[in-house]
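Heads up: the structure comes next, in structure tokens.
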């Protein structure tokens, strides 16, 4: 029978975080509820007890984070009125939790494991994502699932120089830091966030501050786990016996070492590595197949490992990893021959996509991003509806990673979680220097298509995104660049790597992406695979990243120093004016008739805000100007001598035609003012619904009714046209 336990901790600033277990979801292997004010998160974990396949070599961990609309007393949108597939926010939150938890499961634990985090209550000011990380860790800690250490996640903000743990959305609006930190009592294992160009020292200070809160929450989890008192289940990690690994090393370690010291391109290295793997497997199997017969395996089942191709492949991989790490630590030499702090060669080309509003091809080594800019109007903004925010998103960056970029075939279709995560990081990096809506009222969409990848494609998207925006005339406050840092650590020896390759990411201990301007950091993301990362290593990584960023910015400045003064040739031209609030109805017209008419005549798109801000968009400057003039006329007072576009409302055969020349304002075109020729019947010249240009020739008040009467003329315009024609003819005859 489950035991109910509830404990809480004071986070400061009047915030109390509580963890409870033993009340809900008791059939899961572990469950926990974390609460901060009225935001509550339920996390459950279930890990299969069926042994994994002997050939399995990965940990099938699935983390799902879902925000229930009922948690905030809301109805989901759509016809079915129920939650559907995960939103982008839910996917990003799930990744945040997954990345912090995954390194803490023991090596060789390959049981199918599923963690489901559900937001069951939301006060709509406290985001639940980092609470989900705490709840997930607590659920594992009270289960029998093997887990190395409790993990906690916090968000750190800074308002007026004061650091805050788990700032609410109101505090975040005034904060210059928004960073999520995941860690254990001993170390930091995950970072992700955005900042207003803060220094490396300030970044470290924020991490230290957050880690202190993490230690307290981890201690709380440990207390609860001790009271529950479950013993971790045992498991058998299938790995190569020592003498098998030694035999494999004798076969392939020298070849792998020789290959490591060859500065080859990615494709050549992959081909030669595959050949070494193939030969080493064949020689190993040949060596043991005669010795280990079915009878031997029946007597000693563990001997089957000597003939397991997956186990042999894993052993070769571990030798390859060891060779690369020793080369870096012993000789300060990398797979492609670079120094530890050296950035790969960079090339940049701008404006190569003729119809895009801005474009850049950014190539760094064997990583290449084709980035395009599209500018749109307010109606192109993305509508965001989450538990804590309802807003229009007017800056977005989308990242695409097709399989051909790594020389593979694969599924092409929906956006993967990885693509969403990488795009979000690049978006946050550039958004910090994007212009305010008041200065640049466009919706901005940047798309990064990765054409080649050998590490650090998200940071290539940052650089390419900033370049494409500047090429398209987006007035970024400053250019932004990004770099991915790596780490190799063995005991007290370590090496920090700048601009890591795919292999260095895969075989190394850290992936630390840092983006920013010349003046400070705007975004970061870090994943650590080891326990015990020292702060002095983080400090060195940040300092080395700064030098790398500045080097990349210099290369970007060679291509373009300032945003172009004009937007792209094919981008919509926007004009903004302010009209009185009481004139909004006049511009829109009955049932939208007036605004539709302007759109049809000018080809411009018109958007009107409740405060009277009118934004006019058109593919041509002429269309925007025509729409602007029409709107100005609509809201202006009638002036004698002004020409208006009107619509015939009614005709009187013996009197003339009544024309609506301004919304709800009619004037009379007397029968004598229709044409220079004699008009016998008005209907011979005009019909109700006809659109005509008229000139206001007189305004007077009716002495009997007191109403203002407007006298209009079509003839006056014809006379003016004739006069201009005669003048032109006379000029030509001179």
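Cβ atoms are placed via backbone N, Cα and C, with glycine included.
Feature annotation from Swiss-Prot assigns Mg(2+) binding site to 505, 511. Within the same chain, residues at least 6 positions away in sequence whose Cβ sits under 8 Å from that of residue 505 (Mg(2+) binding site) are 455, 484, 486, 511. DSSP gives residue 505 (Mg(2+) binding site) a helix state.
Residues annotated as domain 'KH' in Swiss-Prot, with sequence analysis given as evidence: 572-631.
The domain 'S1 motif' annotation in Swiss-Prot covers 641-715, and the record cites sequence analysis as its basis. Each residue in the domain 'S1 motif' (641-715) has a pLDDT score, and their mean in this model is 89.
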Could you check what DSSP calls residue 511 (Mg(2+) binding site) once collapsed to helix, strand or coil?
-> strand
Tally of helix, strand and coil residues over the domain 'S1 motif' (641-715) according to DSSP?
-> 7 helix, 40 strand, 28 coil
